[in-house]
Structure formats: structure tokens, C-alpha cells
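**Q** Handing you this structure, nothing more for now.
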């Protein structure tokens, strides 16, 4: 019938029914679906643009690609449609032809089915008021916009209006599915509005604006039946039509009511998902709001259970309410009412109104009577999510009900109004719920596992062989199947909870199902295309649809990110609950070995390898079923996390394929590891490993060195072993090109035995992957075993040996066999194996007497190679033994005290495991001979020499049961604690890191959270977990709430003992030692400053500028804001990249802290703030607590101690006493005595030069009339006190000249021979740096002078005598001094007064008050350092005039006039300066360091790896008492004095970034332990590696002619011994660093704020003095700034409140600081911690941070 109608009217152009019609929609105030006209116009424009890109074809030529666009010439064409929803906009005239729409208005052209025929129906005629369609496509139509009102006056007026102007509108699309009915109703209502029928549409209250006429009712009925076929109507619509088939108005009214209801539901869901509460509003109001939402959703059929509601509420809690999030683990069945009780309690406590307000808490009986229910009893409503977003929505209602622009797939709920056409509601973060997700427990637990996941969709995976889903709500017929093994792309096991069916209901009303696996341990829900293909469903990515083989489209595919997704709305939900799924395969594990015990027993191998080994019987005695694997899924071994931590996975498959063709033991891989430093001489420093290519069997051999003969012995041993044991001959050995393998000796040996050496390419470690990976694996195991057992590091090779034995017995997942099985050996009997470090008692077969103990405490290492015994370490004898006479010590976990292992008791498991072996031993033990306690023949560990160090005792912490421990566990724990506790001795020789230095550790600290990648944690999956250090050293039974409330901070250590050989004209407020203050971690400091008010002031400033630096005006500051901002304008602060805040999901916050340990070595401060993990020592001592077994000294006689060296006289040095005794740093002696330079000098040429210098000096002394040559005095006649010893010293200068100097021994001069009040002044280094900086900024000329024999120009007042020079040969005579000889106490002061008088009186200079040796006049500035002068002037002639006057009195030499405009090089007071006027200045010491450092006899490594920083955080100087021989001690102290003396000289000259490390080591000069010496060597090595670094200055270009002096201050709280704080200050002049200080605070500070105040108060005096100096030298105005990262300190400075000062010291410091800031017009500014370059002065920093803070001024 339809085809006939089309053929009858073939002369009519079959264009769009709305062709070239432009109409504005009529807005009705009562319209609940108000869509703006702009959207309609945009839709029309978008459609026009899209269709204009299509090729226009004649009606008879082609068939459109869209199956819905049937050609009008085709007899089988369906009801005309204008394509899918996105193209249902109005079309132009040229685009009408290919479309299938027939025009509306002709009765025969209306396609309808017979059921639509009704007696009421009649076709609209030409006079009808309804819109007509054009009779000719070529006639352009223009319809004026109707008026805004929709009310018709009467039918006649309507007729006249429609007659005068014909209106053509776009018809609605055809309804094609019941699920699309809600969307279709919206377009149908829009169609009625455009047809001037908006007034008949029911409003919100269900009533239309006006009455409907009969014609309108007929039009409504017919159009509804035409475009809404009955087979596609929802059930509820059919029910209405079955009663009255003309009641279209009721259908519209009910549809609008559903739309309004769904809008409120969507808003409630969004509000519930975005709850936020921090206590700013009353708790009552918050509870009322939440309960109203939940009740409203429950009434609408969307039921929210208690658990989901509690999770949503707790997720929005912040501030002090945030800790309630953790209650979900303590109370699994918490209700909303209970949660609000806790919220009310915190709110009342916060408001302090518990006594004034009635208690809100309800009785339990009230809770039982609560009528509200939050259980989920019905299926949750599905709310689809539309990924397309409309940008011009104007209201929330409009967004929720916007007309769709896409054809969405069907929903599973036919009775609900789908929101697939709505714009997605944007929530606050990725954890919030979105429209389209089910508000269920599964949604809350699995929302957004990945950032690129499309919520509510399945990921189509072509590589997955199985379908996996996280939610159990879609699994039908679920059943347990624990035998299924599923691995991911990285071959890691994925635990499976259950298997079931996944049922689909596609849009063609077909149903199908596939198998699905349930697991919560995946990032996406995966839909396998392979399983879909098995049910005849394929994915077409060109059309982006799922379809059958016959082309039937089932569902659309969405491309989101890099993946393709299909909506979950096609899944049929099941009625199975999550707990059912999660518990379906819970198995009985009674009497099974716990997995952590087996994991530790088998050398911390991973679970997969252990299961393979048990399945293939490579581990005997028990089966796989004897192990409880339930904990293996989520088990995280802390020791594995630390011991096996790695950066990335090794690249596999790097070996050549031909290697697989070799027979067993014909192709070996070998490699050498080492050296391991800081071990006793008897312990090996290297090991060499061998791996067979075919069987993967491994051997390891210890080495003490890498000499040729040592390597040859090992090769001879391994070849003989393989030949005799396996009857095989080695053909090829693959090795790297190390010298130990390429030497001629080994090459001849291999050639003699017919073995081909296969060398890898140089620096190609991947080609040597087998050996390299084995070494890495063994080292991981070694670190883990030592970490777990707590044994000292010198037993490292025993851990390697133990790991090798175990790994040879573990099956390979690839070959399914172990190396022993491949080699034809029996499996390892685990009953003969003990955990590494297992405490045992060894029988003493030869005690000293019959009453002495017969048992010796020891620790099991590994099975013996040479007997049936076990290698056991005996700490009391400091050796290892090979014996079978041992008993396992019960109740002793070898190394579990800090990782919560104490809750695991393996005694019973160990007894069961070793029962058969022990019975075998017992049955065969008839009589034990005296030599049964056989000493091990392993020469590498038989006798451990530990004489320089002694084992340390560390107090063990008793682990008390926590709140979550069951009562039974409490009892067991208490019993276990009461037993004796054997602990391994603490490490004697701690490892020294290459890049860490710092003082002894006093306390633990709060670390920063970081992501740790578990690469071998013993579990079966990878998890990012934060490692948290212990909050304190107290027992672990402290309450969790108390631990949260405490504010534990990072502290960072530095110390300084500053040596200043010049007078410092600055009065220090903190005593003689300048100290520095503690520092909180960078992130914690920012949080506390920004989000909390300081304890001193209730309202600190909180505003930050765009540069993260906040200038804060003091009360007396009157400068403008731009002046304050200019303070930080040109400072050399680091450029920080923008960082987005890292947010950790709740599961990370809920993990219990894993306490880690601190390795005792290198400088790292006491709790560094930048250390990601602060680790506490886990080394144990046999004398840890009172209950442990004690071994008295008289128990062992000399026979037992024969392996130890005889006692020697030693000096015992205590760390604190040594640090407190340090007074000064002894400078390096770079000169030679007379006998060294001349008498015994074997270098003839050098000797002649020194003789020449000697005579030159003598002549100069005679010329200057240094002594009275007229009379010689007899020694007996002169008072010995007035006789000064003298000597000649010789030196070779850097320019190559040889110089001699006759000096007096002022160090032994009697006090009566000089005036102690006289001062020998020289220019202060800050004055020199200030003058140089001003010279650069003002284009000054710099002239350097030298006055020869300067001291000899000064007369001496006292009566002093010296011995004549040696060449005169008058040893018994004395001569009287007339001039100030070099070396006399008063010589410097005499010369200073002489030159000062001459400069003032003869040269017209004046000395700057407070700055000795700085002279100036209106044109010239002079800096005087003994006999060196540096002149600065704008005009070079001014310098020349001064030089001429100086030459008139003194022998003046011009070193550098400085007249060139090019770069000029100076050597001023040891500084090598490169200066180009008006451009830059560079200060360094490269040449000096290149000459001096090699003379220190420090082991330098010029070709090795360069250190990137002078020290690293996290490692500490050991406080153990030091025992050294007297001579050895003096020698090491002298060496430390030389090294620290040089480092101090460099640091205070220009390397201010090293001051913290220098000062810390300077405190340990009298404590020269091996660790301290190694740290000092590291510092010298770093100085050597960076000797070319320079302090860079550039000429400043200020906007105003002013000088800017800034000090940047920082402090580290309580990080020094005796809880002193470290303070640091850096001074900058016009953006150039001119000085720095890093010192220890003189007084103990009690808070971080107090430490910061102390640091600032220490900096202000010098700041003021420098300010005065600058104003004297340069008359420009000066701006003074003070920068700190402590907002609390700033608030104290600007506050007028004195009530909160906690004590007198703090108050006086703060008040003085206020006075200094206000009185000196200081601009106090806030600087972000990450940009605070003074951080390097107070703590050790990570490499990246250290470089970031220093690379702008030191490079």
C-alpha cells in the first residue's frame, strides 16, 4: 500500500517535509521542556552543514548509505525517516531529493498501518488550520514567526490565520523502539509547539493552557499514530490506549510528569555524590539535607543502602571530620544514623558547646525505632550518561532535559525515562558519581579505576581471551572456580572470585549470553571480542557498531580515549549479591601452612614460583594444598618491598637463539659483582656467579679481590666440579670485557682447556642479561634476607649462598622444572632448611667448666656444602661454624619486630615441618664426638675480625596488641613477649653511601608519602602503596587517634663549627656560635602555613601572589606595593614547573603504616624533610632487653677466643664528647721547613730555587733593619720569656715562584710579651664580596696591589730577641728585634695601625665605621688584607693616584691594574675572579683546588661516577663509641683537620651550598670513625668533581637607582644533637649571593616557629651592618628585605598580640624581632618553601632539589 501511494504521486518531489522552512519556536511559560530557539537554529545549521558535505544524487541513480534513507523509487521502502537523531534538523531545498521524507498534508501520502484507521480520522483539507507542505519544491517559502502566545481565540480566527499564511514544520521522527519513547515524546512535543499547538500541551500541574478543539484532537490522534507505531509503544502507553485509544493527552501528561520526576532524581543523585562538610554549618542542617535526599530517592524507587550512603557521606568529609573515613574498616555495618552521631560529637566538641546544648546522641532503642531504611531492596534506576556536551545550556533544568543529538541504545528499564539525551552533569572530581552509573555498592567501590575509563561501559579487548568484570550485579548463575588461572599481559596472576554468565539484551530485542569471570583486581571491565565471536557477534570499527554476521546492528560502539567501549545498559542485571560472589570459594585452611611463612622460608620467592615448584615436586615434604594461599593474593612483604625495590623491569629475550642448541653445562654465563665496601678483611668483597644456559643451574663463589690468580682458582674449581659431577665439558663461557676476564692468564687457561670465551660488546649489559639478572636477583635476595633477619652486613655472602640453594630448587614458570631437576638432581628437602637468620642454640662441646652453659646462641645461615650440618653464625665468638648440634630456638621471629610480623607465629609450623628431620637426627645420634662442632672451612667467614667496631645494643620494642587484635591473640602476644628474645647484633661496619652525609639520628620523623612499585613483594599483583615511617619511638600500642592528632615533623640536620681568622665586626645575638633552625617538610610546611593559623596569632595572612611569594607590610612600612614586589624580582630563585596536587584514593589512606628502618651511614640529618621514607634501624643485639640470654665474658676462655686478635691498647672516643670538644679547624700546612726545602731536598733544581729565595729574604730583612745588627746578646743574659724562637718557611706559589719567609714562633710566645687587647684586623669576607658586587653594578675599575714585606714596615714597641738566621752560624747568640716580624702576636696589629695611619693622613682615606680594613673617600674604596690591597673606583686615574702615594712609602707591586675592557682575571685572597666591567663577574677556585686536593692523599676517582650532590637525606652518623689506638686516633684527627680545613676555606669563600655538610663534619673532627672519614672523602670528592663550579654574578639593571639587600632565612627544628636546631641564612645584594651561614642554634628551641624566629634574629644584625656598609660605599638609597617560608613567624612580626607567647625566651626574641623589623624598615616577605634557596644551609637535600635550588647561582 505504501509503495502504491508513492507511485501515484511520483510527480511530487519527495523532499523533506520541512524543506527550506525557517520557523521560530513558540515559547510557553508553562512548557516544562523549554528549549531555546538558539538551540533549534544551531541544530538546523549543524544539519545543513553536515548534509552539504554529502553528495547529492538523483532519486533514480543511487541508494543512500544510511539504511533508513530508502529511495522513493523503491517499492519496498519503509516509512520515510530522515536518518538517525543527529540529522533530524531542517534541510535545505537542494538536500531534499535524496531524502525519503514524503510531504505531509496530502491524505494519501500519510503512511499508517490499518490499526491506525479510526472513525474519527479525516484528512485535513486545504482550509485546515494545521501546517501544510509545499506543492512545489522550487517555491521558496518564508513563514513569519508566530507570536509568543499559544492561546487561540476561536476556530474561525485560527482558520483565517492559517489560510492567509501557510506554515510548514518539521515532523517528528518515527518511533523505532520502546526504550526510545521518552526521547521521542520530547521531539513530538516540540513538533506540537512548532505547529501552534503549545497551548494544548499539559503543564507541570497536568492541565493544558486552553481547551483542545476537535480538529486539534483529530490532528493529535493521527500524528501520534503515524509516528508512534503500536509495536514500539511502551507497556504503560499501551495500557492507556487499551482503555481509550484517543486519550493522547493522558499519555503526554504522564510523560511530562515522569520527566519532572527524573530531573529531581538526577539532581538528588548528583547532590548526594558531591556532598561536602567541614563543620562550617551546623551538623543538624547537614543531617537534614542528607536524610531528605535519601528519603526522596527511596520514595522514587531508587534505594540507597546504608553502606553506600555512609561511603558517600564520608567521602565528602574534610578537616577534623576526615578521619571518620577510616571507621568503615572498624565498623563494617555502620548505619547512617550512627555516622551522624560521630559527626555531631565532633561538631559539638569543635564548637565547645557540649554543656550548653542538649546531647544529640540517641539511645540504641531510638535507633531501632527509626523508620528510615537504607537497604537496597529493589533494582536501582539506570541513569545513562551522554558523552556529548551542549555548551549553550542556560539552566540546570535545561541541561537535564535537553533534546538529544544522538541515537542512544535501549535501556533495560522500560518504565523509566532514560536520560541518555541529557548533558552530563560535571562533578567535582573523578571519584564522583556520574549520570549513567548505578548508585550501588559496586559503583562506590569501583568508580573510575582508571583516569581514561568511560563509566558505565565495557572495554572491547581483542587480545583478551576471557571476559572479566568487577561488578557482581550482572553475573548470572555464578559459581566458584578456584582452578582457573588468568594472567595479564605482564604474566601476573589475576585472582578470580567466580565464574558465571553475562547476559545481553540488544536493541533488536535479541538476547544472548557469554561466560564471564568476576574479579575486583582489574582496571577496566573487559569484554572479549573472541567470546563475542563465538556467539556470532562481531565489532565493526568502521561503522562503530556491534553486529551479527548477517549485518544486523545490535549496539553502537563508543570511542573514548584510545579505546572502544560498549554500554552496560545492554547487560541484564542479576539478583546475586556481592558478598555471595566474594565468598563463593572460601575454603577451609585449617592446619595449613600460612603463605607468609612459606614465602619467608623459601628465600622470599614470589607466590607463582612457589606454586609451580610445589606442583612439580621440586620442593618435597608437602604439597600445594598444604599451604593457605588465601593471603597470597594481597600479601605485601615489607622486606621484599625494601630489598627488591627496582626502577624498571629488565628487558627479556636479549640472548642469541643459537645458545639453546647446547647441551647441559656446555654453555656458561659468568659475571663478577663487587666490591662491597666497609667490611672486615675476613669477609669477601666480591662474588663470581656462573649460570648454565640450558639448565639454569647457578653457582656462586666468594672473592676477596679481583686478581688474576683468584679468578683462575675459581675457574679451575667450577670446571673440575662440572666434569666430575655431571660428566660434561664446558665449551663456551660468556663474560663481559672486564680486565679480570680479558687478562692473558685466564685467556691461556681457557685456550688450554679448549674453551671458547664469548665476550660481550663493551657497555652492552643487555647482551649479558643472564648473568646480570642473576646478580641482581641474588642481591635483591641478599638485601631482603639481611633486612628480614637483622644480621650484620658482613654476612652478606651467606645470604647469597642461601638464595642460590633455594633458587636452584625452584621451578621456572617457563620450563616447569627447577634447575636441579634439569641437572638430574633430587629436589630440595625443605625439612632440612631453616629460615635465614633463624635463632638457634649451638652445643658447646668443650665448655670452660662443668658449671658453664653448654649452649651458644647463634643464627642459622645456610646448609653446609661439605657436611650434613648447617652453617651457623655465633655473634659471641664472632665466627661461623658448621655443625649439626643445634636446636631451633622457640618463640623467636628472626626479623619481624617492625613490620607487624609479631602477629604471625611460625613455631608450630616450623616444628611440624622439621619434625621428620629432627627425628631422623635424633635416631642417629648415638654419641657426639668432641669435634662435632666443626669450624667451617669457608675461609671467607670463619674468623670475623671486628676489632674497630663493637656490636651495638638497641632496645627492643615490645609489640602490644592493637585494638583490632582478637582476645586470643592478646594472650598469645603477651606470652610471646615474656619469652627470651634473641636478636642478631647490630651492623658493625655500616655501608657508606656515595652521596650522603649527616649527623647522628636522634628521633624518627614523619615521611612523605610516595608511590612504591612492588616488583617482587611476594604477592601476586602490583600495588602502589605509601611507605610510612613510624610516628615515634614509643610502643606501637598508642591509639590511632592520638597518633593522628600529633604533629610529627621532618627535621633536618646540619651543624657548623665556623672558623673565622678575621675579626667579624658584627654583634651576634645568639652567642659565639651562630646556629640554625629546624625545618618541616616542604609539603607539610605549605599545608600548615596556608591552611592553619599559627599558634601565636589567630589570623595569619593567607594570601599568596602569583609568584608564591607574599610581601607583608610591617606596621611601620610606608613603601608602595611595587617596592615590596621588587625585593624578589631578580633573586636567583628556582623556576618550578606547575604541579597539580597529588590526590591519593581512600584505599591508600586506609592502609596501615609499614614501619621501615634507617641504615646507619652517611650524612642525612635527623629526619630529613625531603626524604621520602625515613627508615629506622632494624639491626638487633643479643642484649636488647632484660629477658634475653646473656653470655658472660668469663664463659669463654682463651681457647674459645683463639680466632680473635689479642687485645691491644685502645682509645675510647664518645661521639657527643668529641663533638663538644671541637673548638677550631686546624688549617692545612702548605709550607716547608728549612730542612725539608734545603737540607734534605733531593730535587736539586727546586733546592737551588729555595736557596735563592732564602737569600732574597735575608737581604730584605737586612734592608728593612728588622733587627739591631750592631750588637749580639748572650742567651744567658736575656730573660727567656723575651726570647722568641724563629724559623724559615718555604712555599711555592701558584704562579710558580719560590718564596721564603723568616717568621717568629708566635704560637709559643709568652703572654707578657704582647698586648692582648690589640687586634690584627683584616678585611671581612662580606666586605670584600659587597665591594665586588657594587663594583660590578657601577662599572668600577678593580686594581690589585701587593706590599712586599708589609709587617717589616711596622716598628715593635716591646723588647724581644730572636736567634740569628742559620747561615750566620751564631747559635748561642741573640739579636734584638726592631720591626714586627711575621708570626709575632702583635705584628698584625702593628702593621694595621701603621698602614691605617698612612692611608688616613697621607692618602685622604677614612675607615668605614664597624668594618675594619675598609677605607674609602669620595672616589676610591680600598679593601686591605694584610699586605694585599684591592682598589675600586669609577675612574682609573683615582686608583693610580693612590698607588703613587703608596709607592712613596712602601714597596708596592701592581698585580693587576684592571684597565682592560675585556675579561680580566684576578686572584684575590684565594678567589679566582673573572671580571668584565658592566657585564658579569665569576668567582671560583678551580686552579687552586686542582693543585691542593691531590696533595691531601684522598682516594679520588676522576674517571668514576660523579657525585650529584654533597649528601643525601635519610642516612645518619653512627653514635657508637669508637675504639682506636692512640697513634691511629691522632693520625686520623690530623687528617680530618686537613680535609675539613680545606673544605671550610672553599665553603666560606664562595661555595655556600656546601656549608651545611662542612659544618656537620667539622663537629666530628675528634670522632674520626671510618664512617665519618668516608663521608669526608665523599665531600672532598664532590668538591673535586665540581671544582670548576663558579659563583656567577650579572650586572643588575634596577628600575630605580637603589640598592637592594635581602636575606633569605630558614631553619630545621631540633635536628642536631641535644635537640638543637639548625639555622641558615643567605645574603644577596642586588640579586647576587654575597654570603651565607649555616650554624647550630645556641639555645634549644621548643617549636618550629621559635626556631625560625631564632634564625631571623641571627640574620638581622649582619643585615644591618651590611646595609650601613653599602650606604657608606654607595650613596644610593637601599631597600632591605627579609624572606622566610614561615607564615607563623611573619604573623608574629606583624601582630600586636603578646598574650600567646609561651615563655619569656620566646617572647623576648619575638619582641626584639618586631623592634628590629620595624626600626630598620625591613620588608618581610613570604617565600614558598620549594623556592627557598636557604634550604641548602639547614638540611641535606635530594639531588634534584639540591640542583634546583643552586643551579641559578652556582654553576
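Glycine is no exception: its Cβ is also placed from the backbone N, Cα and C atoms.
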**Q** 1427, 1428 bind Mg(2+) 2 in Swiss-Prot, but which of 1346, 1355, 1372 does that record place at the same site?
**A** 1346
**Q** Per Swiss-Prot, which one of 1553, 1574, 1685 shares the Mg(2+) 3 site with 1610, 1652?
**A** 1685
**Q** Given 1178-1212, 1213-1247, 1248-1282, which one carries Swiss-Prot's motif 'Bipartite nuclear localization signal' label?
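**A** That would be 1178-1212, per the motif 'Bipartite nuclear localization signal' entry in Swiss-Prot.
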**Q** Round to the nearest Å and give the CA-to-CA distance linking residue 736 (Mg(2+) 1 binding site) with residue 1346 (Mg(2+) 2 binding site).
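**A** Each residue's Cα considered, residue 736 (Mg(2+) 1 binding site) and residue 1346 (Mg(2+) 2 binding site) end up 59 Å apart.
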**Q** What are the DSSP helix/strand/coil residue counts across the region 'Integrase-type zinc finger-like' (583-640)?
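**A** Once the DSSP states are binned, the region 'Integrase-type zinc finger-like' (583-640) shows 25 helix, 6 strand, 27 coil.
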**Q** In the structure shown, which of the binding-site residues 736, 1346, 1427, 1428 has the fewest Cβ neighbours within 10 Å?
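**A** Sparsest of the binding-site residues 736, 1346, 1427, 1428 by Cβ contacts within 10 Å: 1346.
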**Q** As a test of the contact definition, list every same-chain residue at least 6 positions from residue 671 (Mg(2+) 1 binding site) whose Cβ is closer than 8 Å to its Cβ.
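**A** Expected: 688, 689, 735, 736, 768, 771, 772, 774, 775.
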**Q** Do you know the mean pLDDT across the region 'Integrase-type zinc finger-like' (583-640)?
**A** 79
**Q** Using Cα coordinates, what distance in whole Å links residue 461 (active site, for protease activity) and residue 1346 (Mg(2+) 2 binding site)?
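**A** Distance (Cα to Cα, whole Å): 82 Å.
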**Q** Given the recorded Mg(2+) 2 site (1346, 1427, 1428), which additional residues of the same chain have their Cβ within 8 Å of the Cβ centre, ordered by sequence?
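**A** So the additional residues around the site are 1345, 1347, 1348, 1350, 1425, 1426, 1429, 1453, 1455.
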**Q** Any idea what DSSP makes of residue 1427 (Mg(2+) 2 binding site), helix, strand or coil?
**A** coil
**Q** Applying a 10 Å Cβ distance cut-off over all chains shown, what neighbour count does residue 461 (active site, for protease activity) have?
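**A** Here the count is 19.
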**Q** Could you tell me which three-state DSSP class residue 461 (active site, for protease activity) falls into?
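**A** Its secondary structure by DSSP: strand.
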**Q** When DSSP states are folded down to helix, strand and coil, where does residue 671 (Mg(2+) 1 binding site) land?
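**A** DSSP call for residue 671 (Mg(2+) 1 binding site): strand.
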